[in-house]
Amino acid sequence: MKLKEIDRTAMQAWSPAQNHPIYLATGTSAQQLDATFSTNASLEIFELDLSDPSLDMKSCATFSSSHRYHKLIWGPHKMDSKGDVSGVLIAGGENGNIILYDPSKIIAGDKEVVIAQKDKHTGPVRALDVNIFQTNLVASGANESEIYIWDLNNFATPMTPGAKTQPPEDISCIAWNRQVQHILASASPSGRATVWDLRKNEPIIKVSDHSNRMHCSGLAWHPDVATQMVLASEDDRLPVVQMWDLRFASSPLRVLENHARGILAIAWSMADPELLLSCGKDAKILCSNPNTGEVLYELPTNTQWCFDIQWCPRNPAVLSAASFDGRIRVYSIMGGSIDGLRQKQVDKLSSSFGNLDPFGTGQPLPPLQIPQQTSQHSIVLPLKKPPKWIRRPVGASFSFGGKLVTFENVTGQPQQGAEQPRRQPVFISQVVTEKDFLSRSEQLQHVVQSQGFISYCQKKIDASQTDFEKNVWSFLKVNFEEDSRGKYLELLGYRREDLGEKIALALNRVDGSDVALKDSDRVAQSDGEESPAEEGQLLGERIKEEKQECDFLPSAGGGTFNISVSGDIDGLITRALLTGNFESAVDLCLHDNRMADAIILAIAGGQELLAQTQKKYFAKSQSKITRLITAVVMKNWKEIVESCDLKNWREALAAVLTYAKPDEFSALCDLLGARLESEGDSLLRTQACLCYICAGNVERLVACWTKAQDGSNPLSLQDLIEKVVILRKAVQLTQALDTNTVGALLAEKMSQYANLLAAQGSIAAALAFLPDNTNQPDIVQLRDRLCRAQGRSVPGQESSRSSYEGQPLPKGGPGPLAGHPQVSRVQSQQYYPQVRIAPTVTTWSDRTPTALPSHPPAACPSDTQGGNPPPPGFIMHGNVVPNSPAPLPTSPGHMHSQPPPYPQPQPYQPAQQYSLGTGGSAVYRPQQPVAPPASKRYPNAPYVSPVASYSGQPHMYTAQPASSPTSSSAPLPPPPSSGASFQHGGPGAPPSSSAYALPPGTTGTPPAASELPASQRTGPQNGWNDPPALNRVPKKKKLPENFMPPVPITSPIMNPGGDPQPQGLQQQPSASGPRSSHASFPQPHLAGGQPFHGIQQPLAQTGMPPSFSKPNTEGAPGAPIGNTIQHVQALPTEKITKKPIPDEHLILKTTFEDLIQRCLSSATDPQTKRKLDDASKRLECLYDKLRDQTLSPTIISGLHSIARSIETRNYSEGLTVHTHIVSTSNFSETSAFMPVLKVVLSQASKLGV
């Protein structure tokens, strides 16, 4: 699909891949003339803007040259890391000269753009190429077999790759190898190609076609394979592209015969080796797969030949072609629609003519219509197959913070037998699309930090493009200056100096500056308020200054006067004054329309009378400024704001600025702004922003600005945020208000702004601008994402934890062990027989296992009645027993010098329910070492402290204190008849030699077979001391939370008959209550035959030999077991909950199991069925690895391929894939399941299922 077009007969060169934006340089082509027959030459640079739908390319610069060019390339030499316009333009001239240009100077308009030039060659320079490994090396070819290697760092003297080839001939094309930096190839029109080794300074191989009709017009190396190259022929008798492999240089590896006439140029894509461009004399531009010869794409061109074609280095889907009709066209191989382009051309043509009447018909021209028959050709199809850069496994995804995560299929040979799979790189890039937006945001942040608000506002005033923008920033600037109200008045056009001059002229005075100065001082000192005394003083000063000749009160020595008491108005006034009736006197004066006398008498009558008189005066007065005087005198500023004509909004705002009190100033400005918004036209609506700035109302300013301005682009939002931030700072400094409170609209805009900053990678700035005191879900979510992106915790939120970390422990209870981790996961509820075992790994500590009787022990001590509540996040299973008897608090005793007689309480342990077993003596043979948690019916049952070892031996946890013996009212069971312990082991461990005996009368239900381990479900059981069967390579796993250290196999040997009951505790009375029924329950034993010390163990065991203090964990062959396993029953194993297989790999298990079942249903041979049963069991190892996700991606991919072959019943293909996996992967990864899988595939193939 054609994207752009340039009307030039020129050679072309794309800017390097590092350069952004993309440029295309053109130089006037030699030996060609355009339609104007101009002999001038030029070098131009165009910018590729794919966002512009037009065909035109923007010309960035033009340089008039005295040379015409046969070849033009743009090398990345001295390219800076920022990707600015740089590099070197290298041109091959028609007179044997090579010229180096600086493209950055050409774009800048500099006249000195030539870096260097040499005319070393004989004849025109038709071949040029830059070494991609050493970009300072340039190869050039010309006539007489001349090949030179130029060093751009030392351009004076070139090098030669070796002696000239004989006979001398022209060099039509030259190319550096794409994999080996010292290999160079050249070709001539005679059809011969020569490969040079610069280390040896000689040709190493020559390639030529035996037909002697091969005229080379193009040469290109394979982008990935160092020994392969293609040659193009321009001979019409042999219009082919030959692909050669230098390892088999006797004949071409492949020949592409897709052109009907000679080929003029070729270009091999560096991004996809399966894309080879070629253009020929048949006016076709083809994109072919050189490996298969298939034509993947044919570009829609005209009937003109193309003599040069090139891929864009930065955008691999874009290419350019220069044709003999004087045009350079830019195409895309990804296809698209040309409807928009056609419509744009039609609109352009219509706009040129408009609706004029060029033919004098008196009728306007109808709109130009697009021919309907061309609509079916409006869609240009892309390549037949996706190119490599968008082909799997390649992908890209944007993540939060403007990050672009990409991955690609990196070529490389897998290492045989390597322990680690080959790593595939994932690239994380920061995408910045709004550079101006980021720059202005950073400037705003700097201003806020440096407090340089006045200078910032002044810069904005100077840079303002409109008067309104200038006024807004002027009003914002005034907030940070002294006498802000006076400055506001000046901005509204009311300068006091100008007013004083006008008043002086009106009073025939010469200088009015004194009047203005005194007015200014009066307003500044009063701050909008005037007392009657101040008014009188001002009036007296005015009278004195004007030096009035008349006196209101003549002195007594001025003569006598007559006091009239006649019946007229004057007499009545006189009588009222003589009797002190000022109200009547004032009414008479008003009745006689003597307003001045009424006001003067009202002043003498007091403030109340004066106010009544003023109202009556204003009611009768009908002058133009009566309402203004009324508002000023009555201090009714709201009247001015609500009733004035909106055309006089400046005057109303000036009155408010002059007279309003500070507590009502903001409200009046808001009221005026609201009137301008609701009642005014579009021009007046924008002026409301000035009122809101004076009021300091940020929320109203945001609403008004949003209505008046277009906020659809980031820079418009930046304009608003700048004003909002500056105004908030001004309000914070001048009005001392809480600016942290934001409204819904402002919060939305700040959230949008923070989102934009985050999208550009400015996470810290986005978090700084995000409002803090809002609970809007979008803002809370954004704040959480920003904090997580910075690796910080969310303010005001604590991470949810189910462990006890940071929670205070109940008094009397032990804390966690020092130096041992605490597990934060609460155990899942499972079912076991009713024997309570203290887990070794809990939510508090890692401890030695301790077996407890089934009845509940006493609750943990607490200083408060009812016990301490469980910490937050703790999950309580079952019902709480509130009336558990509490023993005395424990206290620290001797540090491991003797075993503790009673368990140390562990409060708030999650309890779980056990089921009782019946009949038979089931043997406990766990595959994994587990221990059940406490009983569900006693959720407050404390954990038991670890039992110390024998005297004289160190405890395994030296940080664990032992408690002193205390009395307890809890019932005590009798001694056991035999030692009871757990037998621990790995997979296939031998069973325990002893188990717990159930109390008489206890009934229950045995666990289901599905809940038992495999060792209890299938096959005969081994003896207790047989060696374990190693069925797979063991690997070290993380200990589970309920892990219990092993009880040594010597337990029944060292203590075959059990321990006698201590005499000191036999006579203790049992407590009343339901627990007395458990008195006959046997006492469990600990490791090494040691009985449980928590309830019935004596205070010390001094007679134990030292050799028994450290249990022996190795079994004694042939040791007698006696009657130790009679009348006892062991605990069933814990049902181990396995992680689910990931959904994407669940198909593997389904497919394999289904295949085994099909084979079992078809098999008749018992031996075959045994193999399949064994395979079904051994494939569990594969499923475990899938759950743990420990298999390499290569093996996973191969297993899915095998599953697909099973679905299609192509077992031979599955066996082939199986062989490939085994031969290319690590043996230790596949040895456990791949042989079994091969057996299943072989049996399926044999049975034909």
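Cβ atoms are placed via backbone N, Cα and C, with glycine included.
Residues annotated as repeat 'WD 1' in Swiss-Prot: 4-47. DSSP labels the residues of the repeat 'WD 1' (4-47) in these numbers: 0 helix, 22 strand, 22 coil.
According to Swiss-Prot, the feature repeat 'WD 2' maps to 64-111.
Cβ atoms under 8 Å from those of the repeat 'WD 3' (120-160) belong to residues 30, 70-73, 75-77, 79, 88, 90, 92-98, 100, 166, 168-176, 178, 181, 184, 186, 188, 196, 198, 201 of the same chain, restricted to positions at least 6 beyond its ends. Residues or ranges marked as repeat 'WD 3' by Swiss-Prot: 120-160.
Per Swiss-Prot, region 'Interaction with SEC13' is recorded for 161-470, and the stated evidence type is similarity to another entry.
Secondary structure of the repeat 'WD 4' (166-206) per DSSP, as helix, strand and coil residue counts: 0 helix, 20 strand, 21 coil. The repeat 'WD 4' feature in Swiss-Prot is assigned to 166-206.
Residues or ranges marked as repeat 'WD 5' by Swiss-Prot: 209-254.
The repeat 'WD 6' annotation in Swiss-Prot covers 258-298. Counting residues per DSSP class in helix, strand and coil order gives 0 helix, 19 strand, 22 coil for the repeat 'WD 6' (258-298).
As annotated by Swiss-Prot, repeat 'WD 7' applies to 301-342. Helix, strand and coil counts from DSSP across the repeat 'WD 7' (301-342) read 4 helix, 19 strand, 19 coil.
According to Swiss-Prot, the feature repeat 'WD 8' maps to 397-429, an assignment based on sequence analysis.
Per Swiss-Prot, the feature phosphoserine maps to Ser526 (among others).
Per Swiss-Prot, phosphoserine is recorded for Ser531 (among others), and the stated evidence type is a large-scale study or a structure entry.
Around the Cβ of Lys647 (ubiquitin cross-link), the same chain contributes no residue under 8 angstroms that is 6 or more positions distant in sequence. The ubiquitin cross-link feature in Swiss-Prot is assigned to Lys647 (among others).
Residues annotated as phosphoserine in Swiss-Prot, with similarity to another entry given as evidence: Ser799 (among others).
The region 'Interaction with PDCD6' feature in Swiss-Prot is assigned to 800-1142.
Summarising the annotation, Swiss-Prot assigns compositional bias 'Pro residues' to 898-908.
Under the heading compositional bias 'Low complexity', Swiss-Prot lists 961-970 (among others).
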* Asked: What same-chain residues lie close to the repeat 'WD 4' (166-206): Cβ under 8 Å, and 6 or more beyond its ends?
  -> 123, 126-134, 137, 139-147, 149, 160, 212-226, 229, 231, 233-234, 244, 246, 249, 270
* What does DSSP assign Lys647 (ubiquitin cross-link), in three states? -> helix
* **Close approaches to the repeat 'WD 1' (4-47) from elsewhere in its chain (Cβ under 8 angstroms; 6 or more beyond its ends)** => 55-76, 79, 83-87, 89, 91, 93-94, 101, 103, 106-107, 124, 308, 310-315, 318, 320, 322, 324, 326-330
* Structure fact -> Its residues classified by DSSP, the repeat 'WD 3' (120-160) shows 0 helix, 20 strand, 21 coil
* **Tally of DSSP helical, extended and coil residues in the repeat 'WD 2' (64-111)** => 6 helix, 19 strand, 23 coil
* What are the non-local neighbours of Lys1246 (ubiquitin cross-link), defined as same-chain residues 6+ apart in sequence with CB under 8 A from its CB? -> none
* Structure fact -> Using a 10 Å radius on the Cβ of Ser1192 (phosphoserine), the other Cβ atoms enclosed count 17
* So what's the average pLDDT for the region 'Interaction with SEC13' (161-470)? -> 84
